[in-house]
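Q: Mind looking over this structure? Questions follow.
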Amino acid sequence: MSQKPKSRSRPSSQGEREPGGGGEEAPSTSRGPGGAASQRRAQASPAPGPRSQKQLELKVAELVQFLLIKDQRKIPIRRTDILRHVVGDYKDVLPELLRRAAERLEYVFGYRLVELEPRSNTYILVNTLEPVEEDAEVRGDQGTPTTGLLMIVLGLIFMKGNTIKETEVWDFLRRLGVHPDKKHLIFGEPKKLITEDFVRQRYLDYRRIPHTDPVDYELQWGPRTNLETSKMKVLKFVAKVHNQDPKDWPAQYCEALADEEARARPQPAGPSPATASAPTPAPVS
């Protein structure tokens with residue numbers, strides 16, 4: 001779905017407006033009297049240059065993923081957390097980031113970004129859809145708070161060629177406020193969840209990379225993932241987060257198509273394990 005660029009001076013809606021009514025954390029654009037001190041501050045903190053559309057889109061995708069993760073426990077999302085974990089030095093375009101993220105959440109994922117109370121600086125996601133089963137899978141919404149995180153990790157693995165270093169996973173998740181060495185409000189101990197729980201549940205395979213110093217590990221899809229989802233579903237999830245079409249990643253799209261075709265082919269007939277291992281009944285005398 002293409003989006004036409006809109007002026008940042010356009011009045012914003014409830015789900016995208018700058019909370020607090022004044023944008024107090026954004027650099028001031030006032031031309032009022034400030035004297036030499038004001039000029040020195042302006043010289044010490046030069047205004048950031050214009051961002052490219054690609055830079056803004058990457059930051060919006062990051063913000064969307066952050067909001068989806070934070071919403072898993074249905075606890076209001078604080079603006080201070082958005083600024084700290086996602087926005088960084090993009091404070092000057094925060095209203096634009098929120099506007100684009102709100103549009104993507106609503107039109108792609110079926111969530112409306114709403115400020116909980118006026119001037120509260122906290123947000124919630126309101127589900128505007130009654131998703132069918134397949135749509136729920138694509139959104140990573142399968143009834144457990146950890147499913148959204150698992151979908152993001154599965155997407156990282158697939159987009160990196162079906163194998164990714166653990167250090168690369170944490171480099172990405174830190175930008176969403178998920179750290180390997182810090183307890184998380186939603187996920188508890190994220191490192192244990194990813195490298196032990198998901199591995200034990202067979203969603204992920206986790207193995208040491210030989211001859212690495214310092215020691216590093218890699219992650220791949222586990223056998224349960226291949227049974228419960230598919231490369232195409234995960235690619236659609238990634239595409240929706242980035243507001244792109246799955247075909248925008250030709251290599252991954254071709255791989256996902258081949259996977260779909262392989263799944264559609266009839267499997268060779270044979271006895272089930274239960275039938276093969278069943279003892280031969282004794283003859284009736």
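Backbone N, Cα and C define each Cβ position, glycine as well.
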Q: Between the candidate ranges 196-225, 256-285, where does TrEMBL place the region 'Disordered' annotation?
A: 256-285
Q: Taking every residue in the domain 'MAGE' (56-256), what is their average pLDDT?
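A: The predicted confidence over the domain 'MAGE' (56-256), as a mean pLDDT, is 85.
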